[in-house]
Amino acid sequence: MAQVFNFSSGPAMLPVDVLKQAQQELCDWQGLGTSVMEISHRGKEFIQVAEEAEKDFRDLLNIPSNYKVLFCHGGGRGQFAGIPLNLLGDKTGADYVDAGYWAASAVKEAHKYCTPNVIDAKVTVDGLRAVKPMSEWQLSDNAAYLHYCPNETIDGIAIHEEPNFGNDVVVTADLSSTILSGPLDVSRYGVIYAGAQKNIGPAGLTLVIVREDLLGKAHKACPSILDYTVLNDNDSMFNTPPTFAWYLSGLVFKWLKKNGGVAQMDKINQQKAELLYSTIDGSDFYRNDVAKANRSRMNVPFQLADSNLDKVFLEESFAAGLHALKGHRVVGGMRASIYNAMPLEGVNTLTDFMVDFERRHG
């Protein structure tokens, strides 16, 4: 079978070693004669899977002991509701930074529960899309929390600063597309959430990291399945969790630890992004319209100078084993998502193809 590199934005490529282990264990896990998908989530065998996954996740991110880790349903969109329902308390407003599509989606959901103070951080610098630095964000005086999305997968825009607003500001962040891809100081945040389907594992699982002093504040109308306190008190098993996704994510955590952890991922991700952006910037045939300071390392959108060639590019790249390069319908063009599981070899293969395609069609 020919090598295929999957550049999908999510569900995304998983480490080949993890897939092979899951394949090997699929029908007979731990000698039980059954699949891990079939065993009880309350049995001692799966409890061990769950505990090891949380421990490895904590180790990878050096999560402080005063933070709880929840394994949840609902994805990022579920947390768009979960954040206000758990954190508003007796306040009626919260600060929301809008830097792109997913941040705006969080704002839309927040309007159901509060009056969001929307901080429009989108700017244009020398004709390129960019984001205002955090020092220019105008926070309100009585906000229950601040919400932002550091990496916009559709727009290819990233906020590389980590928040430093002081202890009075409860910072919440959607890290679905960047978690485990580089250094992260968890102590700067009140709540971090991430859908698993990009850098953690398969779709269906969402991880929430919540500072323990923020528990116990959920609105009385908050569904129990979104209530952080209920989930924490029940060890993320208030109802049957997505056990197979939890198991696979645990395998990914072990793969990460075996391969140098977050520090090594950070190094490789930087190499991949630099290679791809340098190929785009060194050509008049391809272009990226994001300012260099705000370019995403995970999601690289680019356009061809002649959009009439888009269909040909996608057909030829797919035939070459380079899959899922079509850009999101909102922005068009192409997009290469290069999360942790994408090896440097995959980006090398893509850039070689891009150079050759330009030679033949430019």
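Note: Cβ is positioned from N, Cα and C throughout, glycine not excepted.
The number of other Cβ atoms within 10 Å of the Cβ belonging to Arg42 (L-glutamate binding site), over all protein chains shown, comes to 10. Residues or ranges marked as L-glutamate binding site by Swiss-Prot on the basis of sequence analysis: Ser9, Arg42.
What Swiss-Prot lists as pyridoxal 5'-phosphate binding site is Gly76, Arg77, Trp102, Thr153, Asp174, Gln197, Asn239, Thr240. Remark: Gly76 (pyridoxal 5'-phosphate binding site) has Trp102, Asp174, Ser176, Tyr193, Ala194, Gly195, Thr206 as non-local neighbours, by Cβ distance under 8 Å and separation of at least 6 in sequence.
In sequence order, Ser9, Gly10, Ala12, Thr153, Ser176, Ser177, Met298, Ser337, Tyr339 are the residues of the chain that are 6 or more apart from Lys198 (N6-(pyridoxal phosphate)lysine) and have a CB within less than 8 Å of its CB. The annotation N6-(pyridoxal phosphate)lysine is assigned in Swiss-Prot to Lys198 on the grounds of sequence analysis.
All protein chains shown were included, and the count of other CB atoms within 10 Å of the CB of Asp174 (pyridoxal 5'-phosphate binding site) stands at 27. Fewest other C-beta atoms within 10 angstroms, among the binding-site residues Thr153, Gln197, Thr240, are seen around Thr240.
In sequence order, His73, Ile225 are the residues near Asn239 (pyridoxal 5'-phosphate binding site), counting only same-chain partners six or more apart with C-beta under 8 A.
Non-local contacts of Arg77 (pyridoxal 5'-phosphate binding site) by the CB criterion (under 8 A, 6+ apart in sequence, same chain) comprise Ser105, Glu109.
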